[in-house]
Each structure stands twice: as C-alpha cells, then as structure tokens.
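**Student:** So TrEMBL lists these for the protein:
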SIGNAL    1-19  signal peptide
DOMAIN    38-306  domain 'NADP-dependent oxidoreductase'
ACT_SITE  75  active site, proton donor
SITE      104  site 'Lowers pKa of active site Tyr'
BINDING   137  substrate binding site
Ligand SMILES: NC(=O)c1ccc[n+]([C@@H]2O[C@H](COP(=O)([O-])OP(=O)(O)OC[C@H]3O[C@@H](n4cnc5c(N)ncnc54)[C@H](OP(=O)(O)O)[C@@H]3O)[C@@H](O)[C@H]2O)c1
C-alpha cells in the first residue's frame, strides 16, 4: 500500500485470478476506482476512431488488465462500449462486479428532471443495470441545438444525487469544473462529488486545481493525458514531443516509452489516468506502468513544461455563463 498526495493506492480487492493490473484509489464515498481507465472518446486526436474500433479496444483493454472504462453520452459509442464489456464477460475474462464503468451527462440534459432519464438511456445503450460513476460532463447547460440554456449546475447536481439514491450509479462526480464551481457544489449539497475529471498533461499541469480537489478528498481523473506528446496535427503547440531530451532521458533511465513516462508522471501526482487507444499494442503499453515510478525531482521537471495550454478548449461554449476555464 502506498500513499500518493491525499490518496491511498490499494489493491482493488477483486478475488479473480484475472484481477486487473492497476491498483485502485478509494473514493470519498467508500467505492474503489482503478487508477487506469481506457478512454473511449473518439474525436480529439489526429484521426477519429470508429465505434467498432472502440468495441474492439474495450475488449483488448479488459484482456490486457484494464478494469475501468471511461465513456460519455456525447461520444455516441455507449452501445459499442457495452458490447465490448459483454464480450469480455461472456468469454469469462471478467465479471461485471470487477469492472468500473464511467459515463457522463451532456449539457442538454441538465434540468433536474432530465438527469435520471438521461442516465437510464445511457444504461440501456450500455446494456448495464448500473454504472460505477456518473459525471456532469461540463458545467454549462445547452439546448439540443447547442445554444445556451439557463440551468444552474446545482439543479443538475440534485438530479445526480437522485440517480445515485436510485442505485443507477454507485458514485457521482463532475468534469471540467473549476475550483470555485467545486466549492459551490460542496457548499450547497448533501453528497460531495467523488471525482473531478479534468484535462491534465505536461502542457496543462493544473497544479492548483489538482491540489484543491485532492485536499478536499475529491479524486482527479486526468483526460488527454498525453498532451502534445502524441500527434494532434498541431505543430505550433508547446513542447514536449516524444523526442524531447527530458522525456528521452527518463525513457532511457526507466526503459519505458515517453508515453509511459507521462502516464506514470500523472499517477505519481495522484491522478487517475485515461489514455485512449484503439491499438492493441498501445493499449497494453498504456497499462504497463507498475514496475517503476518517478521521483519528486522528475515530477517537478515535467511540471516545468506547463504553459496552461489545452488540448481541448470547448471553444463553442466559451461565451456562456459558467464556462469554467480561465479561473483555476
Ligand atoms: N471529460 C472530458 O471533457 C473529456 C475530454 C476529452 C477526453 N476525455 C476522455 O479522456 C480520454 C483520453 O483523451 P484523448 O483521447 O483526448 O487523448 P489521449 O489519450 O491523451 O491521446 C489519444 C491519442 O494518443 C494515441 N496514443 C495512445 N496511446 C499511445 C501510445 N502508447 N503511443 C503513441 N500514441 C498513443 C492515440 O492513438 P491510437 O488510438 O491510434 O493509439 C490517440 O491518437 C478520452 O478518450 C475520453 O475518454 C474526457
């Protein structure tokens, strides 16, 4: 057992001999969450994956030892994520209880009375009775046509609490919330968010927000973990790339790929990582992280790349109230 930041990293406690490779963190509601999740968003890198590639990726990931899958209503791949999970269960790779499934509520379902039906629709698509974690995807509410809708996320949170009380999700949390938005939920709610899923990578290290959440006992899931170390068709983005001397040095020292160095850097900061891949070898590589760790100096060295530069800026929403970026 090892302590990182305010989190205890512990075995997930699954009895199966095929139990996953990644340890778990204990959430503030007592549930356990594996610290490596397969990302299934399809549209943020240079090439988008097809939904069938996602189905296959989920299966390969479970085969490789992943026990956590991150999806969302807005990724439009919940049926294929569910199929990949069912295939793995039917082939006795894993049981439902050994898996941790995260999905997210999009902004066009932010009214309190819309939250439970939205989660039921996700569950129906996934073919599951419950998810392990349900997140408000973004603090801004929108209408179906994408225009602004005046719904306070505190109202949405009441719907999330109901979904949890009904047993449709084991844990509830938020995504892309800044520190004051997290604080406002805490100050006005019965159930605290268990998780804040935010972008974290070498060019967006988010040290203040990560610390804020961890000190409150809110786990941080880090999306787009590779930043611009992988190809994003964005040559003007700040370094590092995979051939950066710092990453090459650490890569040689630990006999790991630069992408594995980045994932381990995030884990050593107490962050749950969500690497996306639809390639079998890279899926396996992205969970092969538990035979080395970075020291504090090496974590600081990678923090030094920070430029507060995002892979994903949700620019379509930037003029709406409650847009979270800009403040930490
Ligand atoms: N909550 C939110 O608002 C939010 C926003 C964005 C993303 N997310 C979640 O976070 C996940 C990850 O984010 P992301 O997809 O933006 O970025 P990412 O995981 O940082 O990067 C994905 C890209 O890296 C490539 N890749 C993966 N492993 C690699 C390796 N070992 N070596 C070289 N290249 C590798 C992938 O290509 P291949 O597939 O070809 O390997 C893909 O092009 C998403 O899938 C989604 O689940 C959440």
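Backbone N, Cα and C define each Cβ position, glycine as well.
So that I understand the layout, could you describe where these features sit and how close they are to other parts?
**Tutor:** Taking Cβ-Cβ distances under 8 Å and a sequence separation of 6 or more, the neighbours of residue 75 (active site, proton donor) in its chain are 40, 41, 42. Classification of residue 75 (active site, proton donor) by DSSP places it within a helix.
Residue 104 (site 'Lowers pKa of active site Tyr') counts 26 other C-beta atoms within 10 Å of its own C-beta, drawing on all protein chains shown. Secondary structure at residue 104 (site 'Lowers pKa of active site Tyr'), as computed by DSSP, is strand.
Within its own chain, residue 137 (substrate binding site) has 72, 73, 74, 104, 105, 106, 107, 175, 176 as residues 6 or more apart in sequence whose C-beta sits under 8 angstroms from its own.
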**Student:** Give me the mean pLDDT over the domain 'NADP-dependent oxidoreductase' (38-306), rounded to a whole number.
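**Tutor:** Mean pLDDT across the domain 'NADP-dependent oxidoreductase' (38-306) comes out at 96.
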